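Visitor: Okay, here's the structure, questions in a sec.
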Amino acid sequence: MSSAMFGAVESGIIYAIMALGVYLSFRILDFPDLTVDGSFVTGAAIAAILIVNGTNPFFATLLAIGAGFIAGCITGLLHTKGKINPLLAGILMMIALYSINLRIMGRSNVPLLNEESIFTKIEAFFTSTGLDALFASMAAAIGLQNLTSTWSVLISMLVVTALIKVVTDLFLRTQIGLALRATGDNKRMIRSFSANTDQLTILGLGLSNALVALAGALIAQYSSFADVGMGIGMIIIGLASVIIGEAIFGTKTIAVTTFAVVGGAIVYRIVVSLALRVDFLETGDMKLITAVIVIAALVLPQLIDGQKERRRKKKKRLQQETKINEMKKGGEGYASTKSNSQSI
Amino acid sequence: MLQLNQIHKVFNEGTLDEKIALEDINLTLKPGDFVTVIGSNGAGKSTLMNMISGVLTPDVGEVFIDDRKITNLPEYKRSRLIGRVFQDPMAGTAPSMTIQENLALAYNRNRRRTLMKGVTKKLRTTFQEALGTLHLGLEDRLSAKVGLLSGGERQALSLLMATFTEPKMLLLDEHTAALDPARAALITKLTGEIVERTELTTLMVTHNMQQALDLGNRLIMMDSGRIILEVDGEDKQNLTIEALLHEFQRIKGSKMTSDRALLG
């Protein structure tokens, strides 16, 4: 494992939070929500501008989450009360947020170099308590050396993402969570059980975009800048994570599926970082690579299933044929003995 | 219990497609009444159901349940009082959720949904007991996804879910129409059992005349948005399909002659 790979895993774990948000809207609510491209940047912009102005980074991140929640709720309102098609409601919110994000930042790019961020704070904590040295020596023991200057990002984000995954699982099993899932599954049915599907849709989109904005805020602090264009194609990356994860890890239960989504986000980052090592590919080809990965994740399982099905049928046909052949043989034998007996 | 006063509903008013769906409907159900509704396609049966459940609101007229005016109460609020089973077996359950999760959704019909766990151990026992009354073995498949059940099983589950919290009223919209004869008979039998046990006030739309005669204590026939025939009590018990068809022809016929007289 090289340090580039290590970085891919690190950022994959942070992007997994965004993927969980996309999972909530795309899979649970069955709502293809393009707000994500905007709300991701909103999270990053709010965190960045507040941090630059001296706000505590944890508090800044919290406010970013709140902004994402509001953005999602507005998309939900556009769809439920304004009766706007889900895709269009998302797109409208996405372009509206582009301008809002510019307003928040005041310029198109806010650098966070040498600023106090969540990660500098956590790293300081890890160093002072000796945790960093501990993890480094543990890694060295299994032969992983000189991968990173600090283990604090990986470990802390692993804890945060796992926590969000578990809380999401638990939430989806509460009474409200069940009603939310039913809203995505069968609106007519859950309305006949006195659930307000409009409210639930708004809540679901709010929660989804809150997670997306949190990921945006963390990525801004992780890569030390917020940029107005950093959200372009984010929805596709989220979908890629969900689809890849589901294809690899399955969707047996909610807990398995959310695990798959987190896994999918990490796998996606690793695949991208591997692809970028290919000589003729450049950083600008990222989006193209993403598109190819998503297409592969969508088409490959079908091809594999088709292959399996063909093989199964072939096997079945062979079995049938041998059975018929055996019967024929048996019949011939019987006939021949009969003719023999007659000749005698 | 249920009261419909002078309900009128017109679709696409003022256009070429104008259709009078309901015209001057007056209907009162006493507690425990089980009314079957028959009529040809387009007679207004489904519109009547939608008017009661809140999917549609009347142009003119009022709807009451237990003397409470619910004419303009939104569908999701009304469904605290009204249990429904749809014609489509896919419509009454959430396919990607398990049997116990579906039942939990039904269980929370008249409660405020909170962040408490949806399916608890205690509820699971309640669910198992309730599913046992269906005699389909579903009580052993609590964690199976509903999408895996057959149409008949799903419809039985829908029926159980609709009546689980004992709402004020039960609306059955041709709920056996999409099933094969054996399954339809089973669901009809279960319907009779459940309604009898819970003494629910029930309105059932059906295309099956025999079913309309077998079930319930009252029968109404609809045509062109009007109630053209009401039979109850002993008359309903003694009613036959022939008599019903004869009556239908008589009413339609007399209407036709009166129309002719008008034109003539």
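Cβ atoms here come from the backbone N, Cα and C positions, even for glycine.
Curation plays no part in TrEMBL annotations; they are all automatic predictions.
Below are the features listed in TrEMBL for this protein:
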- A:318-331: compositional bias 'Basic and acidic residues' (COMPBIAS)
- A:311-344: region 'Disordered' (REGION)
- A:12-29: transmembrane segment (TRANSMEM)
- A:35-52: transmembrane segment (TRANSMEM)
- A:59-78: transmembrane segment (TRANSMEM)
- A:84-104: transmembrane segment (TRANSMEM)
- A:124-144: transmembrane segment (TRANSMEM)
- A:150-172: transmembrane segment (TRANSMEM)
- A:200-222: transmembrane segment (TRANSMEM)
- A:228-249: transmembrane segment (TRANSMEM)
- A:256-276: transmembrane segment (TRANSMEM)
- A:288-306: transmembrane segment (TRANSMEM)
Visitor: Counting only pairs 6 or more apart in sequence, are there at least 3 Cβ pairs under 8 Å between the transmembrane segment (A:150-172) and the transmembrane segment (A:35-52)?
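Guide: The transmembrane segment (A:35-52) and the transmembrane segment (A:150-172): touching, no.
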Visitor: Could you put numbers on the helix, strand and coil content of the compositional bias 'Basic and acidic residues' (A:318-331), residue by residue per DSSP?
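Guide: Within the compositional bias 'Basic and acidic residues' (A:318-331) the tally stands at 14 helix, 0 strand, 0 coil.
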Visitor: Can you tell me which parts of the same chain pack against the transmembrane segment (A:288-306), counting only residues 6+ beyond its ends and a CB-CB cutoff under 8 A?
Guide: 233, 236-237, 239-240, 243-244, 247, 268, 271-272, 275-276, 281
Visitor: Should anything in the same chain at least six residues away from the transmembrane segment (A:59-78) have a Cβ under 8 Å from its Cβ atoms, list it; otherwise answer none.
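Guide: For the transmembrane segment (A:59-78), the sequence-distant neighbours (Cβ-Cβ under 8 Å, at least 6 residues beyond its ends) are 25, 33, 35, 38-39, 42-44, 46-47, 50-51, 84, 89-90, 92-93, 97, 118, 198, 201-214, 216-218, 221.
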Visitor: Report yes or no: does the transmembrane segment (A:200-222) come within contact of the transmembrane segment (A:35-52), defined as 3 or more CB pairs under 8 Å with a sequence separation of 6 or more?
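Guide: The transmembrane segment (A:35-52) and the transmembrane segment (A:200-222): touching, yes.
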Visitor: I need to check the long-range neighbours of the transmembrane segment (A:256-276): which residues 6 or more away from its ends have a CB within less than 8 Å of a CB in the stretch?
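Guide: Contacts with the transmembrane segment (A:256-276): 4-5, 7-9, 11-13, 15-16, 18-20, 23, 27, 161-162, 165, 168-169, 237, 240-246, 248-250, 283, 285-286, 289-290, 293.
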